[in-house]
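The structure appears right after this line, and notes come after that.
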Amino acid sequence: MGDPADLVALSGGHTVGRAHCGFFADRMRRQDDTFSRKLAVNCSLEPNRVQNLDVITPDAFDNAYYMALTNKQGVFTSDMALIKDRTTARIVRRFAQDKAAFFAQFAKSMAKLSQVPRSDRNVGEIRRSCFRTNGQSLVAAGAASA
Ligand code: HEM
C-alpha cells in the first residue's frame, strides 16, 4: 500500500527535468498566484519553451524542489496539491528542511514502487516510448503523441 510519504517522495522526482507548457496549462489558466502568472507570461512569449520543474536547482537531485513548493513554486497542479493538503504539506516541509530524510524516503518508495503487483498486462511495463505501451503501434497511439 502506498502512503502519503510515498506520494510526496516520488513526486520529488521533479527535482530534475523540464516540462512543456501544455502540461501545466491548467495552472496558468487560473493565474491565482505570482508564480502561475509568471509561467503564463513565459509560455505566451515562447510557447515551445521547457520549464524547469525545480526552479531553485533545476539539474541537481536534491531537496530544493520541496523548498520551492513551500514558496508556492510548484509547476504542476499535482506538485501544488502536495503543499495545499495538510497531511502532505507536513511531509513537504520536513523534506525541505532535511535532505537526508528525503533521500531515505525516496529510496524506500522507489523500491516499493518496483514491487507494485502486475494486475493486468499494462501495469508494470517500463515503456520504451512515452504515451504508448510497448505492444502498441505508433499509428494506433497516434503518431503525434508518440
Ligand atoms: C503525481 C504524479 C506525476 C505527474 C502528474 C507527473 C507529470 C509530469 C509531466 C506532465 C511532466 C512533463 C512532461 C513533458 O513536458 O514532456 C513530467 C516530467 C518529469 N517527471 Fe513527472 N509526474 C509525476 C510523477 C513523477 C515521478 C514519480 C517521477 C520520478 C520518480 C517523475 C519524474 C519526472 C522527471 C524526471 C521529469 C522531467 C523529464 C524531462 O525533463 O525530460 N515524475 N512529469
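Backbone N, Cα and C atoms are what each Cβ position is placed from, and that goes for glycine too.
Site annotation (TrEMBL): Ca(2+) is bound by Asp54, Thr57, Asp62, and the candidate from Thr15, Thr133 recorded at this site is Thr15. Reviewing Cys43, Cys130, the cysteine that TrEMBL connects to Cys21 via a disulfide bond turns out to be Cys43. Here the binding-site residues are Asp54, Asp62; the one with the fewest Cβ atoms within 10 Å of its Cβ is Asp62. When DSSP labels each residue, the domain 'Plant heme peroxidase family profile' (1-134) comes out as 76 helix, 6 strand, 52 coil, counted as helix, strand and coil in that order.
Residue pair Asp54 (Ca(2+) binding site) / His14 (heme b binding site) shows a Cα separation of 6 Å. Closest by Cα distance to Cys21 (disulfide bond), from the binding-site residues His14, Thr15, Thr57, Asp62, is His14.
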